[in-house]
Structure formats: structure tokens, C-alpha cells
Ligand SMILES: O=C(O)COP(=O)(O)O
């Protein structure tokens, strides 16, 4: 399903999602979740289960775990707090998707200003960007706790675009992500959504609103180039 926003001024600002887009961080999230579960005498989650729960940030992650495993909702805040104490250090199992660094280098060289807009809290986001060597690319990082609202609300994407100098009345730029949260936020922010198909989406590609999709980062620079006006 394609939207009708098909142009952007060049080199336009580019805002990237993090988990499931630039970085496969589910193994670290799973390890930290399973430590909290083990501490509470509860069985571990599989990687596939964790993929299904990522996208909405930490509070949503634990709401989904509680619902799926029949745990007590009263323990939500306690699980979230225990998870957060581990999140910043949980970077050792995270890996960049192939071609990410090269694509960012190409886009930065072409003059695109780059930002991150993630539902991951800011400090864990900064930690994994440092660990994977990506931190130098981004002028702005908006985390899940940077604003009072998270994606799918458009405000974090709009804040990232504004910080890169985009005109709020005619938002110019592209949002690149992997999930339904990302697609909805981009649509509501009024910018084209580029869908990376290899992340943690829950729907088939054809059921997600997107301008274009890609499965390999080596194709991203040319897709961005095509979106000229
Ligand atoms: O950590 C999450 O739940 C989502 O993070 P993302 O917005 O970078 O995909």
C-alpha cells in the first residue's frame, strides 16, 4: 500500500528508527527480559516472542509480556524498573543489519542530515549507538522518554525533523523504520515512510502503509535519490 507523498527536497533530512531498522537488538532485549523473568521464577521468552513484543517501547513490551504469559498486571511497574536497570548495559548481543554503516556514510556524504527517532529510552539508545559505532552519524537522537508521547504519535518524528531544520508547515524529510508504530507515526507526521522489511514488523508488507520498501541497506541511497521534486 503506497501513500501519495512522493517528493522531497534534496538533500532532505532523514530520520531513522533504531530497533529492527539499523540494529538487530532483540537478542539483548530478550536477554535482559529473561533475567528479570528468571529473578521472578518465571520461564524465559523465545526470540520469536520478543520480536512480537518490540516496537512500542519498554512499557508496551512489558504489557505484552504480562498479557501473553498471564502474569499479574500489578507487577508491571516492578518489571519495567528491573528491566530498565539492565537496559543500558544490554548491548553485547546487538548487531547492525548488513550494509547499514556504508549506507549512512553514502547518505551523509551526499549532504543528508541524519537523526534517530526511537521508542527505546534515550540512554540505552545512545549506548547501543556507541557500541555499534553509529553515534557519529546522528545530529539528533529522540528517545522513547524524550517527549511525553511515543510513536505511533507523530510528535517524536516531528521533533527529530524540526531539530534537523525541516519546516514544520511543510515537513520535508523521510522516516525509515520497520514497524507499524513507525508507519503510523510517519503517516501522521506527513512524511514518506520507507519500510525496512527485515525487522520486527507484525503485518505483511502489503498491509502496511509505506512509500517504498527495501530489504537490503545497499539499496537505500538510490531509493532516497528517487524521491526528488
Ligand atoms: O524498543 C522498542 O520497543 C522500539 O524501539 P524502536 O522505536 O527503535 O523500534
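Glycine is treated like the rest: Cβ placed from N, Cα and C.
Per TrEMBL, the feature active site, nucleophile maps to 17. The DSSP secondary structure for residue 17 (active site, nucleophile) is coil. Listed in sequence order, 116, 117, 118, 175, 176, 177, 178, 179, 182, 199 are the same-chain residues six or more apart from residue 17 (active site, nucleophile) with CB atoms under 8 A from its CB.
Per TrEMBL, the feature Mg(2+) binding site maps to 17, 19, 178. The 10 Å shell around the Cβ of residue 19 (Mg(2+) binding site) contains 26 further Cβ atoms across the protein chains shown.
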